[in-house]
Amino acid sequence: MSHLALQPGFDFQQAGKEVLEIEREGLAELDQYINQHFTLACEKMFNCTGKVVVMGMGKSGHIGRKMAATFASTGTSSFFVHPGEAAHGDLGMVTPQDVVIAISNSGESSEIAALIPVLKRLHVPLICITGRPESSMARAADVHLCVKVPKEACPLGLAPTSSTTATLVMGDALAVALLKARGFTAEDFALSHPGGALGRKLLLRVSDIMHTGDEIPHVNKHATLRDALLEITRKNLGMTVICDESMKIDGIFTDGDLRRMFDMGGDMRQLGIAEVMTPGGIRVRPGILAVDALNLMQSRHITSVLVADGDQLLGVLHMHDLLRAGVV
C-alpha cells in the first residue's frame, strides 16, 4: 500500500458526512424489505423452541455476533456459530428445534453453502439475510430477508459499509419486533444484565443491602443524648434509631439533628434522647427496589431511612450503601 502525503485542503468532515448520507440512503431503501418475508422470519423465531443460531463469515460474522447478542438480551435465546467451525464439528450444537440465520451480503458464501444441505437434512428452518435476492443462499432459504443497498459508502465499492449497516439494522428490527411481541419488560432485560447499571437498578432490593442485626445503631428512649452519640460513633452510620427491646420504633436521631442543636445553643449534657429525637422517622419496606429508596432519600434530602414492617424495625439503609452497590 502506498503512503502518500495528505492532499492539501482535504476535508475529513466532508468525507465523513458523505458516508452518513450514503448510509442513510441505504437505510431508506431497507423499509421496502420489511414485508411479508420479515413477518415469516419473526414468526419462525417467535415459535422457535430451541435457539436462534446466527452464522456469518468476515464482516458478516461480526454483524452476526452483535445480532445474536442483541437477540439474547431481549428475550430471544440465541448464539453465534462461525461457519468454518460449524463445518468441523460445531454444527453439532444445532438441533431441529433451532432456527438458523445465515448472513452473507453476496449470498454466495462457500462456507455457509457447505452447511445448507446438512441443515436441510436436519429440518432446521433457515433464514438467510443477503443483498442479492437471486443468490444461491436466498433461493435455498426458507425465508429470505433482503438488505440490498444502492452502494457501499466505501468509494472503491469494496469495504462492507452500507451493507453491514443495513444488515445490523435488519437484525435490530427483528429483535425489537420480537421483544414487543413477547411483552418483554425492563425487568426482563435486567435479568440478563445483572452486572450492569440497569440490572442493579431494576433488580437490587433494599433487603439485599440494608444493615441488620448488630449493625443497626439503636438506643432505647430512656437513653441520654450522650448514649446516643456513642452509639452513632460505634456504628458509623450518622444516625441511631430509638426503639424498645422488641425493636418497635419510637424515633430517630441523626448527626444532622445534632448540628442543628449546636446552632440553637444551650446545655445539652443532661438531655434525654427522647427530648430531641424525631418521632417515627421515614421508613421503607425491605422489598422495595433500592432505586426507589434512593429516590425517596433524594426527595426528602436525607441520607438514611429505616427499613421496617409497620413499627417493627428490620434494618437501616444509608446513602453510602447505595453508592457501594452502584445504584447511585
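Placement of Cβ uses the backbone N, Cα and C atoms for every residue, glycine included.
As recorded in Swiss-Prot:
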| type | residues | note |
| --- | --- | --- |
| BINDING | 75-76, H82, H88, 114-123, 148-150, E275 | substrate binding site |
| BINDING | H82 | Zn(2+) binding site |
| DOMAIN | 41-184 | domain 'SIS' |
| DOMAIN | 210-268 | domain 'CBS 1' |
| DOMAIN | 277-328 | domain 'CBS 2' |
| SITE | K59 | site 'Catalytically relevant' |
| SITE | E111 | site 'Catalytically relevant' |
| SITE | E152 | site 'Catalytically relevant' |
| SITE | H193 | site 'Catalytically relevant' |
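Per-residue confidence over the domain 'CBS 1' (210-268) averages out at a pLDDT of 91.
Cβ neighbour count for H193 (site 'Catalytically relevant') (all protein chains, 10 Å cutoff from its Cβ): 14. Remark: the domain 'CBS 1' (210-268) contacts the domain 'CBS 2' (277-328), by the rule of 3 or more CB pairs under 8 A.
Distances between the Cα of V149 (substrate binding site) and those of the recorded positions K59, H82, E111, H193 are shortest for K59. All protein chains included, E152 (site 'Catalytically relevant') registers 21 other Cβ atoms within 10 Å of its own Cβ. Taking DSSP states H, G and I as helix and E and B as strand, the domain 'CBS 2' (277-328) has 17 helix, 18 strand, 17 coil. Ranked by Cα separation from G75 (substrate binding site), the recorded positions K59, H82, E111, E152 are led by H82. Taken residue by residue with DSSP, K59 (site 'Catalytically relevant') is part of a helix.
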